[in-house]
């Protein structure tokens, strides 16, 4: 608390310029240290796994396809998405330094939501790519041209970062006074808005409408493509082809269940119906577990990727 800085507002109110992220402060110190080691291992595995995918996509010509182009973009995004919250969480658990400045808190909130929005759009693009590949294989090359793939990825990134820019404008207009403790593991919207002594009703409404639109809109589109894929799979002549396609789709749907389930629980359920402890656990699914699983679900189980990885390791071993 000694690290907190205050300034006097125009009406002699004490304005907060730093926050304390409570995180898992209720846990024993040794347990927090243990959790920090676990999260560090998960974070390093996530970063290394996604970085490996990006490297293989760049150096192996067999992976220069639309599907792997989208996966490499998702891998790049996951590195930044998990870093936006995990690094600060690791600092909190390992050293107990829970303070975060106002600007850092706003930046963390913006990048978390902007990257999350970009990811949901990318998931729609990836499901569209799989739909064309499975349901219209003869037209796949003609439809999924490199130029279209680049346009789709650029549109996803621009959409996420442009549409979420309103958050920075509104956040910097808020003033905070009185309580400075954020009862969460990062600067999420609900605990942050509740600390403001400004009128946040407009921001609540905009956030609610926008996040509901993004989450439900992307979910409906993604599910629509996968339902079409399911019907196509059922009409495949070979049983082995159906089994392979079902296995791939089921693993993809598992990760989709985690990301959309956590988003709906965090941003579409009334805050009074969800406890703070449950919110923290659900947030961990979204910010830690999901990015950790993605490299294994989308790439590192694929035979082509494994072959490319083995060849890259073999070349590196020979050079050493």
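Using the three backbone atoms N, Cα and C, a Cβ is placed for every residue, glycine included.
Here is what TrEMBL says about this protein:
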- 49-298: domain 'G-protein coupled receptors family 1 profile' (DOMAIN)
- 33-56: transmembrane segment (TRANSMEM)
- 68-90: transmembrane segment (TRANSMEM)
- 110-128: transmembrane segment (TRANSMEM)
- 148-166: transmembrane segment (TRANSMEM)
- 209-233: transmembrane segment (TRANSMEM)
- 245-268: transmembrane segment (TRANSMEM)
- 280-300: transmembrane segment (TRANSMEM)
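Packing against the transmembrane segment (245-268) from elsewhere in the chain are residues 116, 119-120, 123, 130, 134, 188-189, 207-208, 211-212, 215-216, 219, 222, 226, 229-230, 233, 236, 274, 278-279, 282-283, 285-286, 289-290, 293-294, 297-298, 301: each is 6 or more residues past its ends and has a CB under 8 Å from a CB in it. By number of Cβ pairs under 8 Å, the transmembrane segment (209-233) is matched best by 110-128 from the list 33-56, 68-90, 110-128, 148-166. Ranked by number of Cβ pairs under 8 Å to the transmembrane segment (68-90), the listed stretches 33-56, 148-166, 280-300 are led by 33-56.
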